[in-house]
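Engineer: Here it is: the structure, laid out below.
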Amino acid sequence: MTSEMKKFSKIVLFGLLISPLLASSQTKKDANQKPNIILIMADDLGWTDLSSPNTSLGYGSKYYESPNIDRLAQQGKSFAYAYTQQNCQPTRAALLSGQYATGAQNGVYNVGSLKRASKGVVTPIMPHNQNNYLQEDCVSMFETLKTAGYHTAWFGKFHAIKLGKQAESYMGVDYNVALHKETSATVNGVKVKNEFFAQNDDAKGWMFEIDNLKPYAQPYDAAYLQKVLEPIKNGNNPWLLEGTPKHLTDALGDAVVGYIKDRSKADSPFFAYIPFHAVHVSILPRLDLEAKYKAKKSLDPRHTQADYAAFVELLDQTVGRVLNALEDPNGDGNKADGIAENTMVIFYSDNGGFMGPTNNSPLRLRKGTYYEGGVRVPLIFKYPGVITPNSVNTTQEVHTIDFYPTLAEIAGAKLPSPKVQEMDGKSIASVLREESQVRDDKNELFWHFPGYMDVRNMPQSVIHYRHSDNQHYKLFYRYEDESFELYNLSNDLGETTNLLAENPSQQTLDLALKMNNKLRAWLIKNNAPTGIWAKNCEKVPYPKKDAVKKYIK
């Protein structure tokens, strides 16, 4: 057992020991009390990119620092088996609809298109034509929470919907600060575009892409540094920023803090969705944090890039500001106005880390793939008095599609009728309340990709299955050559050993057959598109019932 795993085991044991004490000592929430809900989503943050041991079974970074998110993990429950789609746009579509990409209101399988094979490669399968946005008849998570009396807000990356008024007109967003990370402006008569930093436009002055963020676009000055960044510094020198353009991540933090201050006085609860653009490429952190990491020696061979480390901590500092605002909304030092005790905070990432800037080891590969490095991410839920602090669920798998029904149950909102919009996700509210460690009827996850994405993805379908003995398995099916891969994730986190590769046992074959039939049934039920063969324009068939028998030798 590694030192990281020993440390993680102690954390789990501590959580088990204190759980009964917490159950008896904490004041139970009123069953009718509606919490505020804050959902924070990082962009491209990998499973091992936090320094907390809770979120990654002890494999957290020894170079990157995330003390504020680590504090959130200590105050809440982390999930070891938390999953997403393979990249950002389909994850965001799944989040807001509660549906896999096969859902009637969804249809978003990839960023941009499924026709993204590497240049010059002739593919045997002609990809499916996907949707690029959620359908306008989609009843979004925002709309459902509004029916329970929630004020809704969106701060950050938009993806999966059309930007602008449509977020308000058919997605149910009351306060809209959704935007790109790029800002276009005319500076000294020249049209320019940059990422992450405010621009000083000749006509508009300091600005980001949308007007709702303009009040927070001014350069860093002494007053801001003293009031905002000095109290949260962590070995960095924020005064290096004086007079430089504002970073988008800080500006979004400013907007969220202002929103919390305003809503803390309201009678109705709020739902704030905060999908930060950090830590997506281009890797452009604040220079004070980059200076810190350039001077710091990495003790983690997986993680050595100073600018990426700085970007992770910039994200972390902004999360810390959000958490601090919940404890002291008006920022006067008196926490009597705090709303943290009645606010659920969730931290999540939209997909696995992008290898190059970071490394997802021990997980296999990266964003864009269905191996664990592409779809397994940190996940934390905090809700004082309901969720046991410093706890880790190492059994229940959770997917993006589960957030919608989970938050609806917590908010006391009714889901859309299945005749209007069928939910693929299932609520894990009972698991959060520790009425059980798992939902017995929630032990399968599916992914389906009817197209191409450079070298990372090809037409395939995948099932994650939790066996009755709580062992987690994952089966891949590739349409081009009708091949399978099977991994035991509980024993082989890095997906290094394909159990079907060499002389599989009868027990292994039986399991693969069972998982294949579950996958096949799901594909048929959802009428999942598969594309057509280029050679004859015929529809690519689903995996055959007994296809895994070819591995019998």
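Heads up, the Cβ atoms here are built off N, Cα and C, so glycines get one too.
According to Swiss-Prot, the signal peptide annotation covers 1-25, on the basis of sequence analysis. Annotation source Swiss-Prot lists Ca(2+) binding site at Asp43, Asp44, Cys88, Asp350, Asn351. The 3-oxoalanine (Cys) annotation in Swiss-Prot covers Cys88. If you look up Swiss-Prot, you'll see Cys88 marked as active site, nucleophile, on the strength of similarity to another entry. Among the features that Swiss-Prot reports, active site is placed at His159, with the record citing similarity to another entry.
Describe the structural context of each listed feature in the structure shown, including burial, neighbouring residues and relevant distances.
Structural biologist: Counting only same-chain residues six or more apart in sequence, the Cβ atoms lying under 8 angstroms from the Cβ of Asp43 (Ca(2+) binding site) belong to Cys88, Lys157, Pro275, Phe276, His277, Ala278, Val279, His280, Ser349, Asp350.
The secondary structure of Cys88 (Ca(2+) binding site), as reduced to three states from DSSP, is helical. Of all Cβ atoms in the shown protein chains, 23 besides its own fall within 10 Å of the Cβ of Cys88 (Ca(2+) binding site).
Look at His159 (active site): DSSP puts it in coil. Here His159 (active site) comes close to Cys88, Gln89, Arg92, Ala93, Val111, Pro275: these same-chain residues lie at least six apart in sequence, with C-beta atoms under 8 angstroms from its C-beta.
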Engineer: Validating a neighbour-count step here. Other CB atoms within 10 A of the CB of Asp44 (Ca(2+) binding site): how many?
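Structural biologist: I count 26 other Cβ atoms within 10 Å of it.
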Engineer: Non-local Cβ contacts of Asn351 (Ca(2+) binding site) (under 8 Å, 6 or more apart, same chain)?
Structural biologist: Asp44, Thr84, Gln85, Gln86, Asn87, Cys88, Thr91, Lys367, Gly368, Gly374, Val375, Val377
Engineer: Within the same chain, and leaving aside Asp43, Asp44, Cys88, Asp350, Asn351, name every residue whose CB is within 8 angstroms of the centroid of the CB atoms belonging to the recorded Ca(2+) site, in sequence order.
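Structural biologist: Checked against the 8 Å cutoff, the neighbours are Met41, Ala42, Leu45, Thr84, Asn87, Thr91, His280, Ser349, Lys367.
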